[in-house]
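Beneath this line is the structure, given in structure tokens, with notes to follow.
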């Protein structure tokens with residue numbers, strides 16, 4: 001019994017961490033709560049739930065958890081820091097100072113703690129204490145140039161220009177090539193009406209900016225040397241793909257795109273299975289606005305490695321430029337299916353919807369094209385115009401039921417029914433999609449979600465397992481199956497799936 005309880009508690013904690021990494025803080029909080037219910041004496045569970053509350057901006061609740069943690073383990077300085085941060089967010093600066101002070105007593109060598117206490121002093125307008133805090137910080141970590149700059153800024157803010165100049169001078173002594181430091185010191189000299197010294201600092205800024213502009217010239221010379229080096233290497237070994245690839249990259253940086261393409265073509269001819277070569281050639285094609293050839297290379301790249309999400313989104317971007325909105329949507333939808341946590345992919349997809357906002361006109365020009373109806377249906381679904389959305393899905397299927405992509409149309413209608421919680425209808429559509437294309441993992445996942453909602457866990461388990469078999473790199477599928485195993489009490493299998501999902505997620509980050 002104890003062993004099962006331990007497994008369950010650990011599973012909830014592990015799943016909480018999984019949701020936390022995905023920034024799903026509410027779900028994470030719920031999982032940590034389950035872990036606490038099973039073991040109320042583990043301070044880590046409270047601290048993690050407190051962090052979730054903090055992310056949800058529920059600072060009072062985070063304080064409650066941190067207070068419990070401190071009772072369980074009063075000698076951990078980090079716990080006081082975290083509670084102090086929550087007090088700070090609530091504007092209770094005196095209480096935050098108390099916690100930061102306690103943390104400093106427990107760990108007086110951590111300079112970050114003094115910075116946090118200084119921020120609270122600033123909010124309370126206790127400026128002398130703020131300056132004292134940065135002096136302590138510098139005593140602790142005198143090698144950190146940033147602290148001198150910060151204290152100099154504070155002196156400047158409170159019109160103590162001579163002291164600010166002392167700190168800025170120390171910063172400049174350590175980092176004489178940073179023009180921002182000269183600007184700060186020059187401004188302080190100007191406030192003291194020491195215009196000659198101020199002018200010297202401003203002139204130094206101009207000189208440094210001139211030096212920095214020469215950096216681009218130096219990089220140019222480096223790339224020219226690279227071209228010469230690779231050319232010599234090619235003369236000696238004309239069958240090494242990597243040499244052409246390297247010279248092509250150098251040409252690209254020199255903006256000699258045709259030469260870059262020529263070299264990349266040779267590299268691919270010598271080694272046609274190297275994904276990097278195609279990825280770089282795409283960039284060269286894009287540089288000359290040849291999106292059609294870029295698309296061909298993205299197709300090859302995805303064929304060689306279908307696990308990289310950015311390949312799909314970049315191909316979708318190409319389709320978007322070429323106004324092939326349907327294919328762009330397919331790529332963006334594929335990416336959001338593979339990883340629902342990537343907000344930028346949703347942004348791309350939303351942009352696509354905005355571009356094809358006038359569906360009525362598109363349909364009037366081509367009324368027999370089912371994807372226009374599917375896409376308009378998705379927009380209606382987002383707007384919660386369910387009857388209009390359903391009408392478009394039905395029309396799309398009527399037009400495309402005999403085409404090779406009919407499975408996608410049925411699966412899309414299944415997604416619609418799943419979204420509005422009509423699970424029986426969704427199951428019928430997903431099943432139809434599967435009968436048309438037994439290798440379409442997304443349909444198995446959707447149908448599994450329906451079975452899960454209906455608490456038909458055995459069928460859900462079968463569908464999630466099939467989805468994993470077809471798409472073994474999709475961490476969402478392992479996460480879903482892990483939930484089923486957890487419900488069924490198969491803790492070890494659940495943990496294995498959560499662990500696999502976590503590894504896949506980290507691999508894609």
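A Cβ is built for glycine as well, from the same backbone N, Cα and C atoms used for every other residue.
Just so you know, TrEMBL annotations are computer predictions that nobody has curated.
Taken from TrEMBL as is:
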type	residues	note
REPEAT	9-42	repeat 'TPR'
REPEAT	43-76	repeat 'TPR'
REPEAT	77-110	repeat 'TPR'
REPEAT	111-144	repeat 'TPR'
REPEAT	145-178	repeat 'TPR'
REPEAT	179-212	repeat 'TPR'
REPEAT	241-274	repeat 'TPR'
REPEAT	275-308	repeat 'TPR'
REPEAT	309-342	repeat 'TPR'
REPEAT	370-403	repeat 'TPR'
REPEAT	407-440	repeat 'TPR'
REPEAT	441-474	repeat 'TPR'
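When Cβ-Cβ distances below 8 Å are used as the criterion, the repeat 'TPR' (145-178) is approached by residues 111, 127, 130-131, 134-135, 137-138, 184-185, 187-189, 191-192, 208, 211 of the same chain, each at least six residues removed from its ends.
In the predicted model, the repeat 'TPR' (111-144) has a mean pLDDT of 90.
Residues 48-49, 51-53, 55-56, 72, 341, 479, 482, 486, 491, 494-495, 498-499, 501-502, 505 of the same chain lie 6+ residues outside the repeat 'TPR' (9-42) yet bring a C-beta within less than 8 angstroms of a C-beta in it. Here the repeat 'TPR' (111-144) is broken down by DSSP into helix, strand and coil counts: 27 helix, 0 strand, 7 coil. Beyond its flanks by at least six residues, the repeat 'TPR' (43-76) meets 13, 16-17, 20, 23, 25-26, 28-29, 32-33, 35-36, 82-83, 85-87, 89-90, 106 of its own chain at Cβ-Cβ distances under 8 Å. Sorting the repeat 'TPR' (43-76) by DSSP state (H, G, I as helix; E, B as strand; all else coil) yields 27 helix, 0 strand, 7 coil.
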